[in-house]
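S.K.: Mind having a look at this structure? Questions to follow.
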């Protein structure tokens, strides 16, 4: 399929990665972006277009820079470990400029429909209808990469909150929240304790008279900052920790995580402890919530049973009067209306092989990129998905039979149903390392730790015990990057660089302790490599 045209729908993080992957494989990408700029979710707008992903002005990303970068383009070392949304967008602009991606994007262009050509069973081609400034055009493409994300359509379940129609105060979805000023001096209820709900409750509590955070189940709250000040995802995302989880089981892993989170504050005492285990729900990442709760600025409440004109009555019988505003941080739903019947979404559930390919197509020339909710960054997963999809489009990689794909999809869905609480939020979950390793295997770029243990033991040890960063998948195989080894071995330097803005007496106690721990674990490396890899 070399030299063939591929339509890329959306110019957010996934779309940019797809354009670059197409170029690397000799394909001709044409990216359609409905707005006038790149960035998708991460481009803040005070008044976003309908159907476009939207964030609030203060958003800080929940994954650290080393874990979220594109695999052959590290984020500058002076950038903070957890970046403001404007810095995330700046990084995307740098990436697009570095690899010359902008010239392949048609801005202000909406994709109206993507239909199979009459000869699709033999050609695998698609007819893509677009509209730009009132003018419609149709073009034929040999492949389609859908990168529209899953934070576009606000999920607002008003039917679950009787009386909301007579509530005299203001109510809105978190998508429409931008800053806290308009809630100054007011009594506000935030419904939902995901990442957005927690962030909004904290931010509004600095100006509001009182904030109530309503939750049906409670939540486990994870801090961005882990032991010794390292980013929490850096500490938790190693192949060794994944290995320990596999051999000890989820029960032990749950107990470990819950103990760590309860060491920071007692979730039961703060009214947050859920009935489910830590790994049965996407944890809420929030650094400030316990501080706002202990100061009384945020009060945790149960689920709202009903609203009156001015009050909220909760399921435990308690009541809060004189409520001025209600913010529904109740998540999002996703759909692909332009695909018609090619990809069906029912209750936020979709059947995709490896969360990428529809299993029912005669030709594998359509892929959904970035439709996953990992405990970790989406960007590197999207990039690996794009690398795999372009190889499939070219015929260099093949998919199993339809029946085999459907069997695996069913098995994955059953596994997810057993692990996670039933929620619209938990239909596209995926473990970060497991997903990355699985797709890397399919692409042929998963590092061979056993081989490296003999040829480059220092690197092998870092790959096993250090954070599983996206750069690991540029060490070998197709798309190998010469700077990968050095970037992997200097990850700690880039973590420390933005923090060390004041000269102090050097203290190597933490580093020495971490190094000693690595050497202690190194003696078990060969045995683990033989068993696990």
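The chain as shown is numbered from 1 upward.
The backbone N, Cα and C atoms fix where each Cβ goes, glycine too.
The following feature annotations were taken from Swiss-Prot:
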| type | residues | note |
| --- | --- | --- |
| BINDING | 10, 11, 12, 13, 14, 33, 41, 42, 62, 63 | FAD binding site |
| BINDING | 196, 197, 198, 199 | NADP(+) binding site |
| MOD_RES | 5 | dimethylated arginine |
| MOD_RES | 54 | phosphoserine |
| MOD_RES | 56 | phosphotyrosine |
| MOD_RES | 58 | phosphoserine |
| MOD_RES | 280 | phosphoserine |
| MOD_RES | 284 | phosphothreonine |
| MOD_RES | 401 | phosphoserine |
| TRANSMEM | 513-533 | transmembrane segment |
S.K.: In whole Å, note down how far the CA of residue 284 (phosphothreonine) lies from the CA of residue 14 (FAD binding site).
M.R.: 23
S.K.: Sort the recorded positions 5, 198, 280, 401 by C-alpha distance from residue 54 (phosphoserine) and give me just the closest.
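M.R.: Minimum Cα distance from residue 54 (phosphoserine) across 5, 198, 280, 401 lands on 198.
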S.K.: Round to the nearest Å and give the CA-to-CA distance linking residue 280 (phosphoserine) with residue 199 (NADP(+) binding site).
M.R.: 21
S.K.: DSSP secondary structure for residue 62 (FAD binding site), reduced to helix/strand/coil, please.
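M.R.: Residue 62 (FAD binding site) sits in coil per DSSP, no helix or strand.
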S.K.: When you tally the Cβ atoms that lie within 10 Å of each candidate's Cβ, which of the recorded positions (41, 62, 198, 284, 401) has the highest tally?
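M.R.: Most Cβ neighbours within 10 Å: 198.
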S.K.: Please report the distance from the Cα of residue 12 (FAD binding site) to the Cα of residue 196 (NADP(+) binding site), rounded to the nearest angstrom.
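M.R.: With the alpha carbons as reference points, the distance is 20 Å.
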S.K.: Per DSSP, to which secondary structure element type does residue 56 (phosphotyrosine) belong, with helix, strand and coil as the options?
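M.R.: Once the DSSP labels are grouped into three classes, residue 56 (phosphotyrosine) ends up as coil.
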S.K.: To the nearest whole angstrom, state the Cα distance for the pair residue 198 (NADP(+) binding site) and residue 10 (FAD binding site).
M.R.: 28
S.K.: Would you mind reading off the Cα separation of residue 199 (NADP(+) binding site) from the residue listed as 'phosphotyrosine', to the nearest angstrom?
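M.R.: For residue 199 (NADP(+) binding site) versus the residue listed as 'phosphotyrosine', the Cα atoms are 10 Å apart.
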S.K.: Between the binding-site residues 10, 41, 62, 197, which lies closest to residue 401 (phosphoserine), Cα to Cα?
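M.R.: Closest recorded candidate to residue 401 (phosphoserine) by Cα: 10.
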S.K.: For residue 56 (phosphotyrosine) and residue 197 (NADP(+) binding site), determine the Cα separation and express it in whole Å.
M.R.: 12
S.K.: Going by DSSP, is residue 5 (dimethylated arginine) sitting in a helix, a strand, or coil?
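M.R.: Looking at the DSSP assignment, residue 5 (dimethylated arginine) belongs to a strand.
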S.K.: For residue 10 (FAD binding site), which residues in the same chain are close in space, meaning a Cβ under 8 Å from its Cβ, but six or more apart along the sequence?
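M.R.: When sequence neighbours closer than 6 are ignored, residue 10 (FAD binding site) has 31, 32, 33, 40, 146, 147, 148, 149 within Cβ distance under 8 Å.
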